[in-house]
């Protein structure tokens, strides 16, 4: 079975109970199944809270955080430091051999500046699978932050969805976007099992897919196009469904390019 990349929504970092349910499910799953799993995370909520405390402006353009040179150290510390180690600590507390990484470790993802007007924001491309394959073969659980380093040593903040997509391409892995929603819902509140770009556009125009879900759907569609395979959107609230998700069952909404 191909490896699985689990991209965690940042809101999970604000929910200790959700983190516990996730890692309890992962531990139980690893007792019976050996599918290699890598966790990728951002942490936008955590960064926003930090910026407010430091009285620094939060500026976003098309969903990307503008990251000036005087803020990249703070943001890197929040994502590759606090967010990454919080997840790693919870995983270790549940008996998992977790190892905290960034996109730069082992050259797993190649990162370069996206746009000078955005500052230290990076675009991600697949890199070398060697380190991750060695860690997975040794039964480690890599937990990867969305901070990367360019070839000339520049720290870069990468959109977590794009980071997860690049890592999935690096490993030839499936991608699961795990968030606080169980999937995409129709106008009657029922879960939509399968979604295409055409169907998504229609539901957006009808006002059924709105706000933050539009961002999630577009990110999943872009990932599916890039990877050439379906991408799943599902929720972490129902722990009993997580093992099925880890085994590739479409418990949430399966996105087809």
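Placed from the backbone N, Cα and C atoms, the Cβ positions cover glycine too.
From a predicted model like this one, the values you see are computed outputs, not experimental measurements.
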Per Swiss-Prot, 43, 44, 157 bind substrate; matching candidate in 21, 65, 133: 65
Pairwise CA distance, residue 182 (ATP binding site) versus residue 216 (site 'Transition state stabilizer'), rounded so that it is a whole Å: 12
Residue 43 (substrate binding site) and residue 180 (ATP binding site), distance between Cα atoms, whole Å: 14
Rounded to the nearest Å - Cα separation of residue 65 (substrate binding site) and residue 7 (site 'Transition state stabilizer'): 18
Cβ-based isolation winner (fewest other Cβ atoms within 10 Å) among the binding-site residues 157, 182, 210: 210
Shortest C-alpha distance to residue 184 (ATP binding site) - which of the recorded positions 7, 157, 216: 216
Assigned conformation of residue 216 (site 'Transition state stabilizer') - DSSP reduced to three states: helix
